Every structure is written in structure tokens, then in C-alpha cells.
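If you scroll down you'll find the structure; I have some questions about it.
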Amino acid sequence: MNYLFKNGRYMNEEGKIVATDLLVQDGKIAKVAENITADNAEVIEVNGNLIAPGLVDVHVHLREPGGEHKETIETGTLAAAKGGFTTICSMPNTRPVPDCREHMEDLQKRIKEKAHVNVLPYGAITVRQAGSEMTDFETLKELGAFAFTDDGVGVQDASMMLAAMKRAAKLNMAVVAHCEENTLINKGCVHEGKFSEKHGLNGIPSVCESVHIARDILLAEAADCHYHVCHVSTKGSVRVIRDAKRAGIKVTAEVTPHHLVLCEDDIPSVDPNFKMNPPLRGKEDHAALIEGLLDGTIDMIATDHAPHTAEEKAQGIERAPFGITGFETAFPLLYTNLVKKGIITLEQLIQFLTEKPADTFGLEAGRLKEGRTADITIIDLEQEEEIDPTTFLSKGKNTPFAGWKCQGWPVMTIVGGKIAWQKESALV
């Protein structure tokens, strides 16, 4: 099916929002211009809504295989499509871990059969993510590994991390890291700060993250490897990443929507839906994340979509697993709380969620360019809705944002020229 999207707006090559039509033919973007006509295409009236590149998320947890009670490839990718994401990169903390040919082939088969959006799987750095034996990077790359990570845990052994970085560099691949120094975690469930002190909880200190990043940056410099830092959350982390970039070290970084919108002061009670890793930090950390995003220290926004069951989250803040869902709330949360408040521009938000992650990892995504695959999301910037977890397509309803009123909701998502999700009665 060919589609002609009429009377929309998009961000052009100069980074400006302008009026446009967009023609999709044979799964590709055929033309982006005003006043397009086409005889062989279904016309979809966009009514002034934003036509954006499909959003790109380099940090997601789909849970399958092994955690299908939390999420499946089918439910997770439907939720991604509803959130406007067309390319997502799935973390390897599944059971089994994609750490060998057999496991990666099985994962790719599942993705091919079930995914509603483009899914690029990470390969594990170590076997079973246990930190003691390196995986076969060459085989995992051959089978389509997006990059290498042991996300969910930090690689504690510096010699293992250095060897992994050297091997990845030879393959022109990135090493992506969840950064925690295990000896400093302190059995914490929240940030070590005012909230932990008030409620008598063990806290995770900020330096637990930043010291690990500092170590890895020096290892990346020695290995000449592209090193990407997951979910940056502290002022100290921003500082060491900024210094590394100024020194010419190949380091990039991401931040989550929840760390951009919330800090520990916003946690209303010992609610496990506010428990994530890294935890919500202090006000100064939150300000540093915004500053780092604006000055280029932090390159992109990624959701760290981490679904869990209601039963798991009901165990209380100390026992409940870390993580919140992110796909279906990311864009409206960021648009309402950053763009509408004048902290960043709409153009910047689009870039942080599309071209910046795509360019960082060399993906042919993130831009509406003629000849490229038609991965598109259409967003109604005026639509206001209350976040209601009962309407999530994700199995995970674990969000701290229930009841928040937000503007800027995706109404249609196109993947490979086909409609992957559409809000009922969204377009005429």
C-alpha cells in the first residue's frame, strides 16, 4: 500500500518545523514536499499534526525469552509502536542470554516472527552476563548484534572490560555499559540522599555510578573503542563524560525521560513504582542532566523500558525489582515537561529521540529523507490526555506517572511503509 500524508508539519534539514506532505511508495519515503499529488496512494489527512521520523530507542528490555510474564516481544513492540518508536535495541538480560550462536539465532527468529517494529538485539559481553568469560564477539556480530553490553549489571573486572573494548574496536562495534561499582551499591534501593535518610532505607551513592564511568572512560581511551554510557544519572557522571569528550575520547551517553522529569524530591512515598536503577537522584544531579543534554555532553534520550508485573512491584520498595515502563509515555512526558516549559525546543526533542541515537550508532534511521525506509510517527501536539496504565499495550503497568496530564501523543506509527499502530479515529 502507498500512502500520501497531506497537510502535516515536519522538521526539515535546517532543523525548522515547516508545512509538508509526505508520499510513501513501496515501503520507502518517495517525496517530502508541499502540495504532492499521487494517483496510486491512499490519502491520509494529517490535519497539521507533526510528521516525525520514527523514534529510536537504544535501551529497552523486552524480557523474552525467559521473562514472558513481564513482557513479550509482541507486547513490547506493540507498546513501542504506540509510543512512536520504530527502531528499538533490546538488552541481553534475558534467559537465556544472547551470548552464543544458538541463543542469538533463537532470539532473531523470535524477533522476525513477532516484532511489530524494528528490533536490534544487543550481544552480551560475557557468557551468561556472569563477568568471567567473554563471548564470541565475531559470531554475535555476524548474527546481527547491535553492540555489546552486560546491561543490568556492570562489568566489574577491569581487565575483562579492557579486553572487550579492544575486541569490539577491531570489529568497529560499541561497548555499552550499565555503570555501577558493586562494592558501593550498599544493598540500596533508592538514592543515598534525603529520601533514603527520611525513610531509613539503604541508599545507592552517586559515586557508585561516576567512579565506574571514570574507569571505563580511561579503558576506552586505551582501547580506542566507542564507549556508550547507559542512563546517566549524576552530576559527577556528567562531569567526567564532559571532560572525556573534551579530551577526544570516544564516549557517548544517554539519559532517560524519568531522570529528566523527576528527582528524589518528587517521590511521594515508599512507592515501588518510583524504584528504578539508577535511582532518582538529587536536585543538583537533575539540573546537571538538563545542562549536559543541552551542551552535548549527553547525546540522546533512551527510555530504559523495564516492565514488571504488579505482583512483583507489590513486594515493597526494598524487595520489588528496579525499573519502570517507558515506551508509551516518553514523548508526551518530555514534550509537556521540557518543551512546553521552554527547557528545550521541539526540534531538539525530535533530534534527541531520532537522529542523534541513529547517527551515534550508524543506523539508517532518524530522518525523513527521500529514498529511506518509511519509518514514521505522526504526533498530535495539541492532544492532552491523562496517563492511564490500564490502557498500556505493554504488559508492564509499572509507572510513576499515572494520572499525569500530558500533551503530544503519537496517533499513528508506520514501520517499513506499513501502519504498525493507529489511534482509533485519530486521523480523518
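Note: Cβ is positioned from N, Cα and C throughout, glycine not excepted.
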Among Asp151, Asp157, which residue shares the Zn(2+) 1 site with His59, His61, Asp304 according to Swiss-Prot?
Asp151
Which single residue out of Asn35, Asn40, Asn93 does Swiss-Prot record at the substrate site shared with His61, Leu62, Arg63, Asn277, His308, Phe322, Gly323?
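Answer per Swiss-Prot: Asn93.
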Please pick, from His69, His231, His258, His259, the residue that Swiss-Prot records in the Zn(2+) 2 site together with Asp151, His178.
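Swiss-Prot lists Asp151, His178 binding Zn(2+) 2, and from His69, His231, His258, His259 it also lists His231.
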What is the interatomic distance between the Cα atoms of Gly323 (substrate binding site) and His231 (Zn(2+) 2 binding site), given in whole Å?
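The Cα atom of Gly323 (substrate binding site) is 12 Å away from the Cα atom of His231 (Zn(2+) 2 binding site).
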Among all the protein chains here, how many other CB atoms are within 10 A of the CB of Leu62 (substrate binding site)?
31
Round to a whole number and give the Cα-to-Cα distance in Å for the pair His231 (Zn(2+) 2 binding site) and Asp151 (Zn(2+) 1 binding site).
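For His231 (Zn(2+) 2 binding site) versus Asp151 (Zn(2+) 1 binding site), the Cα atoms are 11 Å apart.
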Tell me which residues of the chain lie with their Cβ under 8 angstroms from that of Arg63 (substrate binding site), as long as they are six or more apart in sequence?
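Same-chain residues close to Arg63 (substrate binding site) (Cβ under 8 Å, separated by 6 or more) are Lys70, Glu71, Thr72, Gly76, Thr94, Pro307.
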Using a 10 Å cut-off on Cβ-Cβ distances across all protein chains shown, tell me which of the binding-site residues (His61, His178) has the largest neighbour count.
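Selected residue: His61.
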